[in-house]
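Now, the feature entries from TrEMBL:
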ACT_SITE  Cys379  active site, nucleophile
ACT_SITE  Cys379  active site
BINDING   Gln244, Phe284, Glu305, Asn352  S-adenosyl-L-methionine binding site
Amino acid sequence: MSTQQVPGAPTPSASFCPLHDAGTCPSCPHMDLPLADQLVRKQARVDALLTDGANPVPASAWEAPQASAPARFRNKAKMAVSGTVDAPVLGLADAHGLSVDLRTCPLHVPAVEEALPVLARLISRLRLRPYDIAADTGDLKHVLVTASPDGDLMVRLVCRTADRVPDVRAALPRLRGELPGLAVVSVNVQPVHQAVLEGPEEHVLTDAVLGLADRLLMRLSLPATEHGPERELPLLLPTRSFFQTNTAVAESLYATAAEWAHDLTAPGGAADAGGRPTEVWDLFCGVGGFGLALTGPGRRVRGVEVSAPAIDGAREAARLMGLPEEAASFEAGDARVLDPASGAVPDLLVVNPPRRGIGADLAARIEASGAPRVLYSSCNPVSLSKDLARMPALRVRRARLFDMFPHTDHAEVLVELVR
């Protein structure tokens with residue numbers, strides 16, 4: 001089995017990351033290994049896990065894993081803020097006062113790396129007191145930065161209260177001058193004394209940019225496949241939404257899903273040949289990545305997601321793509337939309353659940369639904385194995401590993417199930 005590499009990926013050396021070499025940052029335990037060796041070991045671990053399950057993945061199902069670049073692949077930085085207003089530390093922090101500054105982490109894309117020292121100066125200029133975990137005092141808990149493929153930025157400051165919102169708003173003109181790619185700035189309020197990254201209250205401070213002040217445009221470029229050319233996929237990220245941290249590998253993930261579904265048609269023929277539209281349902285659609293990648297002539301995509309802001313982003317992305325609502329519709333809700341008793345069954349079902357997996361209830365619904373094909377994108381092979389065992393009527397036809405987080409044990413797996 002060969003490995004598909006991200007073009008232009010450099011090979012790390014022993015001094016690839018001084019923080020790792022010094023034992024200061026534990027986030028990348030396998031960085032000492034060449035990336036190719038890491039991926040071989042990761043594939044073997046995942047293969048062994050999914051082969052031992054009650055509904056095993058056959059060895060013949062595996063396609064070549066998608067490798068990542070070893071560095072400059074993270075489109076997002078989640079920095080805990082510690083230190084002092086004059087010397088803020090952006091990186092790791094714990095309740096014992098230990099902190100590690102990760103502004104020089106080599107995994108971040110250049111736009112993120114260049115933004116972090118500017119934001120550290122903002123903290124000092126506004127006298128935003130770093131949060132003291134032990135004392136439960138201070139203003140600023142986290143700095144969250146996301147970069148688009150075009151270099152545009154979303155910056156979110158997670159504060160204990162909303163008291164400093166006016167100060168951050170007043171600082172925006174100068175900050176925009178220092179960060180020309182700045183598209184979205186917000187203050188998130190997280191008041192609880194718990195290890196929670198963000199809270200439910202969000203103050204978006206930027207003026208409308210193309211009418212999308214609270215969303216970051218991620219203009220993805222899906223690579224060409226055997227049955228499809230390279231194409232653009234615009235996604236819109238609201239401030240409180242999920243997107244994969246590794247943009248290039250995410251592009252390959254969406255392109256692979258589209259390639260595997262290239263032959264999808266409804267029973268009785270395609271809509272343009274007089275048949276009904278081919279139904280594609282995405283039950284954890286988020287901002288619409290899989291659903292929008294699977295749109296096409298004669299298809300009708302329906303996306304469901306519990307996050308209303310994510311649904312707003314998916315709808316706007318569909319409009320940017322020129323898709324009418326009858327071709328791609330998105331609604332806030334949960335997976336209970338799949339009800340075997342209703343008789344409504346998609347031709348292709350897509351699930352991309354959180355780490356806990358789809359669980360026993362949804363697995364039972366899928367098993368009983370009669371859905372002929374399922375694409376299951378998993379960020380946790382352990383829960384994937386359990387879920388596959390709950391759906392014995394569906395067998396894995398294809399599987400592929402995506403190395404979203406190189407240097408770690410994390411594995412993203414896409415499987416195609418057929419009845």
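Any Cβ shown, glycine's included, is placed from N, Cα and C.
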Where the distance is taken from Cα to Cα, which of the binding-site residues Phe284, Glu305, Asn352 turns out closest to the residue listed as 'active site, nucleophile'?
Asn352
Non-site residues, in chain order, whose CB comes within 8 A of the mean position of the CB atoms of Gln244, Phe284, Glu305, Asn352 at S-adenosyl-L-methionine:
Phe242, Asp282, Cys285, Gly286, Gly289, Phe290, Pro353, Ser377
For a quick check of understanding: given the listed S-adenosyl-L-methionine-binding residues Gln244, Phe284, Glu305, Asn352, what is the maximum Cα-Cα distance in angstrom, as an integer?
16
Cβ-Cβ distance under 8 Å to Phe284 (S-adenosyl-L-methionine binding site), same chain, at least six residues away:
Val304, Glu305, Ala335, Val351, Asn352, Pro353, Pro354
Proximal but sequence-remote residues of the same chain as Gln244 (S-adenosyl-L-methionine binding site) (Cβ under 8 Å, at least 6 apart):
Ala250, Leu253, Met404, Glu412
